[in-house]
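Visitor: My questions will all concern the structure given below.
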Amino acid sequence: MQRLALAGTRAIVDMSYARHFLDFQGSAIPSKMQKLVVTRLSPNFREAVTLRRDCPVPLPGDGDLLVRNRFVGVNASDINYSAGRYDPSVKTPFDAGFEGVGEVVALGLSASAAFMVGQAVAYMAPGSFAEYTVVPARVAIPVPGLKPEYLTLLVSGTTAYISLKELGGLSEGKKVLVTAAAGGTGQFAVQLAKKAKCHVIGTCSSAEKSAFLKSVGCDRPINYNTEHVGTVLRQEYPQGVDVVYESVGGAMFDLAVDALATRGRLIVIGFVSGYQTPTGLSPVKAGTLPAKLLKKSASVQGFFLNHYLPEFRGAMDHLLKMYAGGELVCEVDTGGLSAEGRFTGLESVFRAVDYMYMRKNTGKIVVELPPSVNSKL
C-alpha cells in the first residue's frame, strides 16, 4: 500500500489503516473530481471562477477529514472572496466556497479519534465548491444527517447569533430593524430578536418575502418596492429603533442611521449593495455620520465572523439545539422557482450567485451536489 498520510514524521503504511481511505462497499474514492477555482481576481463571479473537471482528489493529512460534499452554501461575500478583498496578497488560482455539509469518506489517524467514515459533518472552511474537500477535524461539526438546514446555520446563522449576542444588547421590548430580513442571515436575526421578546421590523423586496417574514414572527415587514422605508420608520417609529442588523449598505445604511433611537446600536454585517462594484463599497453619507451619532449617543459597529471564531462552535451548538427542538426555522432556497430550475451540481453555483444578486432568494441559497450511490446517509 502506498503512503497515505503522515503522523508527525512517521509514514503510515499499516494495511489495517487502509479502511480509513476506502469508500463504502469497498469502492475506492475516485482519483479525479470537479471543483470551482478562482483563476482571475474579479467581483464578477462568472469572470473570476472556472469549473475544473479533472482535478485530483486530495488526501487528508493526519488531523484532517476528506468530506464528500452534499450541500454547499452560497454567500453574498463569495464575490468579495473571488475579488481577493479579504487578502490583498492572495494569488490565483485558489479554491472557492466557504461552507458545506457532507459525509466523511476518509480521515487521518489523529482525526479518527473523534470522527469516523460515514459520519455527516458541517464545516466552514475554504474550498467547499468541490465534490470533495479536505477539512481540518478541529473545525468540523458533527450533524445528525445530510440536511441543507444544517448548512444554513454555519455562516448565516452564527453571524446573526454571535453579533446580536455580543453587540446587540437585546432585551424585552426593544425595537429591532433587520435589513434584507428574508435573506440567508436576516431570517435568523428576525427569529433571534423575537426570542429575546423584541419588536422586529424587517425590510424585504416582495409580497412573498413579507409573508415569509410574518410566518417567522416579524412584527412589521416593509416591502421597499411598495413602501418607502424611511417614511414608514418616521411615521410608525418616531422614537427610533434600538438596534439595527444591517447588511445592505448605501441608501439603506443611511436610512438606518437616521432611524436610530437615542443610544441606538447599528451592527454592520455587510454592505451587499456595493459588492459588485470595482471598490466593493456602496456610497454612504459619511460626512454627517459623526454628528448624527453624537446627537443620539448612538453607535455603529462592524461584525466580521472570522474575528469571533472562538465563539463559533458554541453558537453552532446552540443553534443546532434550537433547530432540533423546533424553535428555529431554517429556510432553504435551492432555486426551485428560478427560471432554469433547482441548483444542482457545481455548474449551478454560477446561477445561484446571479439569483442572489437579483434579490430572488428567500432564506439561504443552497446548491445540492449529486449523492453517492455508496453513501449510507
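A Cβ is built for glycine as well, from the same backbone N, Cα and C atoms used for every other residue.
Annotation comment: Swiss-Prot describes Lys35 as N6-acetyllysine, evidence class similarity to another entry. As annotated by Swiss-Prot, NADP(+) binding site applies to Thr185, Ser205, Lys209, Tyr224, Ser247, Ile269, Tyr275, Phe303, Phe304, Leu305, Asn361, with the evidence given as similarity to another entry. Positions annotated as phosphoserine by Swiss-Prot, on the basis of similarity to another entry: Ser299.
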Visitor: Within 10 Å of each Cβ, count the other Cβ atoms, then let me know which of the recorded positions Lys35, Lys209 comes out lowest.
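Guide: Ranked by other Cβ atoms within 10 Å, the recorded positions Lys35, Lys209 bottom out at Lys35.
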Visitor: Identify which of the recorded positions Ser299, Asn361 has its Cβ surrounded by the largest number of other Cβ atoms within 10 Å, counting every protein chain shown.
Guide: Asn361
Visitor: What kind of secondary structure is Ser299 (phosphoserine) part of, going by DSSP in three states?
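Guide: Where Ser299 (phosphoserine) sits, the three-state DSSP reduction gives strand.
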Visitor: For Tyr275 (NADP(+) binding site), which of the three DSSP-derived states applies: helix, strand, or coil?
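Guide: Note: Tyr275 (NADP(+) binding site) is coil by DSSP, not helix or strand.
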Visitor: Three-state secondary structure of Lys35 (N6-acetyllysine) from DSSP?
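Guide: The residue in question, Lys35 (N6-acetyllysine), is strand (DSSP, three-state).
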Visitor: Round to a whole number and give the Cα-to-Cα distance in Å for the pair Lys209 (NADP(+) binding site) and Ser299 (phosphoserine).
Guide: 29
Visitor: Here are the binding-site residues: Tyr275, Phe304. Which has the lowest count of other Cβ atoms within 10 Å?
Guide: Phe304
Visitor: Among Thr185, Ser205, Lys209, Tyr224, Ser247, Ile269, Tyr275, Phe303, Phe304, Leu305, Asn361, the annotated NADP(+) contacts, find the widest CA pair distance and round it to a whole Å.
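Guide: Taking every pair among Thr185, Ser205, Lys209, Tyr224, Ser247, Ile269, Tyr275, Phe303, Phe304, Leu305, Asn361, the longest Cα gap is 28 Å.
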Visitor: Near Thr185 (NADP(+) binding site), which residues of its chain come within a Cβ-Cβ distance under 8 Å, counting only those 6 or more away in sequence?
Guide: Val155, Ser156, Gly157, Thr159, Ala160, Ser247, Ile269
Visitor: Neighbour count, 10 Å Cβ-Cβ cut-off, for Ser247 (NADP(+) binding site): what number do you get?
Guide: 26
Visitor: Report, in whole Å, the straight Cα-to-Cα distance of Lys35 (N6-acetyllysine) from Phe304 (NADP(+) binding site).
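Guide: So the alpha carbons of Phe304 (NADP(+) binding site) and Lys35 (N6-acetyllysine) sit roughly 26 Å from each other.
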